[in-house]
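Copied over from TrEMBL:
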type	residues	note
BINDING	Asp7, Asp57, Asp208	Mg(2+) 3 binding site
BINDING	Asp7, Asp57	Mg(2+) 4 binding site
BINDING	Asp28, Asp57	Mg(2+) 2 binding site
BINDING	Asp28, Asp105	Mg(2+) 1 binding site
BINDING	His35, Glu261, Tyr329	substrate binding site
BINDING	Tyr87, Gly104, Asp105, Arg131, Ser210	ATP binding site
BINDING	Asp211	Mg(2+) 5 binding site
DOMAIN	5-123	domain 'PurM-like N-terminal'
DOMAIN	136-299	domain 'PurM-like C-terminal'
Amino acid sequence: MLGIGDDAAVVEAPRGESGALQWVLAVDTMVETVHFNAATMAEADVGWKALAANVSDIAAMGGVPRHALVSVSVPRAWEPARIRRLYDGLYACAERYGVAVVGGDTTSSPAQLVVAVTVVGTVTAGKAVRRSGAMPGDAVFVTGPIGMAAAGLHFLLAAAGGGEQCVPLAAAEAAGTAALVQAHRRPAPSVRAARMLAARGTVTSLNDVSDGLASEAWEIAESSGVKLALRESQLPLSGSMAAYARRSGIAPLEWMLYGGEDYVLLGTIAAKDAAEAKAALAAEGLPMYMIGTVEEGNAGVELIQEGPHSGWSQAAAKERRVSLAKRGYNHFE
Ligand SMILES: Nc1ncnc2c1ncn2[C@@H]1O[C@H](COP(=O)(O)OP(=O)(O)O)[C@@H](O)[C@H]1O
Ligand SMILES: Cc1ncc(C[n+]2csc(CCOP(=O)(O)OP(=O)(O)O)c2C)c(N)n1
Ligand SMILES: [Mg+2]
Ligand SMILES: [Mg+2]
Ligand SMILES: [Mg+2]
């Protein structure tokens, strides 16, 4: 009803077509040198990703993102054109996901850029999907490939060589890493997939992958009081990520499990609906990869690896299980 221009925005309390709605609220912050630097992201990418990270949290509740408030703290030295470019990217993301930017705040910053976005969304009353509902027997899934964003960051930091110049996409195209760089700079949260899955009523938990697959799996395991067993051979491995990992001498699994910033969804679904749900998403061109199962037991995450591999014990010749560390991106380590 009232957007940018007064002391605060006014929005109509939502009314659902088939029953009451509830609000879904989230805030996420991006800080220069922590979430990006001059070499890894152009201003427009920062704007896009600051909103996308929030849209992803709303998706992870099964909600629809609707309104955003944007707080920016801008280094004094910045030209106005730079902040305009940041907003170009932010508005491109807003348009893509049908979000109305209804306000925000602007301050100077002594040195670094800080962008904090608050998103308001809605969900059918009582239907928000939590992290705590995973049940033994459920199938575990992700809604997109993982590890690409971390591989993209690795490429960007290497290509920048410590310099301040934003690495052009052309450099990534020449190196065959453009998809990885775009995964890092322009994540595409799974809002439509989440809506379709939540509407089926068989999805028992959802969490978006920001800090890494292992870390998010641990969050579901702990809040549901179950064990998640992930099968290594089922993890969606992007071809360009695997190729770049090989060239860099890095194990792709490290990026897939512990990289983060994928902004796809990790979730669990009743096993009897897994195949049908996957087909329903596929009909809309949306991927859904079945990557494991929920088991009874102490909260934890295990990876099932298929062998044989040199160095494995005789007993583990065909497959073995390893416990995954509760590790991922941590702001204070
Ligand atoms: N400084 C804070 N004050 C209050 N709540 C917070 C703060 N930081 C995080 N939270 C809450 O903790 C929960 C997890 O946050 P976070 O780890 O940032 O989630 P995500 O990784 O999905 O963005 C959320 O409910 C969030 O609102
Ligand atoms: C220059 C730079 N260094 C390191 C990283 C890696 N990184 C920074 S934050 C982060 C995890 C996600 O951020 P967080 O604020 O925890 O997101 P949230 O869980 O709140 O959505 C990662 C992997 C990066 N993106 N850019
Ligand atoms: Mg957060
Ligand atoms: Mg999240
Ligand atoms: Mg986090």
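The backbone N, Cα and C atoms fix where each Cβ goes, and this holds for glycine too.
Where TrEMBL records a feature, it is marked here on the structure.
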{"residue": "Asp7", "record": "Mg(2+) 3 binding site", "contacts (Cβ under 8 Å, 6+ apart)": "none"}
{"residue": "His35", "record": "substrate binding site", "contacts (Cβ under 8 Å, 6+ apart)": "Lys49"}
{"residue": "Asp57", "record": "Mg(2+) 3 binding site", "contacts (Cβ under 8 Å, 6+ apart)": "Ala26, Asp28, Val119, Asp208"}
{"residue": "Tyr87", "record": "ATP binding site", "contacts (Cβ under 8 Å, 6+ apart)": "Gly47"}
{"residue": "Gly104", "record": "ATP binding site", "contacts (Cβ under 8 Å, 6+ apart)": "Ile4, Leu69, Val70, Ser71, Val72"}
{"residue": "Asp105", "record": "Mg(2+) 1 binding site", "contacts (Cβ under 8 Å, 6+ apart)": "Leu69, Val70, Ser71, Val72"}
{"residue": "Arg131", "record": "ATP binding site", "contacts (Cβ under 8 Å, 6+ apart)": "Ser205, Leu206, Asn207, Glu219, Ile220, Ser223, Ser224"}
{"residue": "Ser210", "record": "ATP binding site", "contacts (Cβ under 8 Å, 6+ apart)": "Ala53, Ser56, Glu216, Gly260, Glu261, Asp262, Tyr263, Tyr329"}
DSSP three-state assignment for Tyr87 (ATP binding site): helix
Cβ-Cβ distance under 8 Å to the residue listed as 'Mg(2+) 5 binding site', same chain, at least six residues away: Gly260, Gly328, Tyr329, Asn330
Residues among the binding-site residues Asp28, His35, Asp57, Arg131, Asp211 that border ligand 3 - Cβ under 6 angstroms, in sequence order: Asp28
Among Asp28, Glu261 [binding-site residues], residue with fewest other Cβ within 10 Å: Asp28
Other C-beta atoms that fall within 10 angstroms of the C-beta of Asp208 (Mg(2+) 3 binding site): 25
Counts of helix, strand and coil residues, the domain 'PurM-like N-terminal' (5-123), according to DSSP: 35 helix, 49 strand, 35 coil
Residues among the binding-site residues His35, Asp208, Asp211, Glu261 that border ligand 2 - Cβ under 6 angstroms, in sequence order: His35, Asp211, Glu261
Where Arg131 (ATP binding site) falls in three-state DSSP terms: coil
Binding-site residues near ligand 1 among Asp7, Asp57, Tyr87, Gly104, Ser210, Tyr329 (Cβ under 6 Å): Asp57, Ser210
Cβ packing number for Tyr329 (substrate binding site), 10 Å threshold: 16
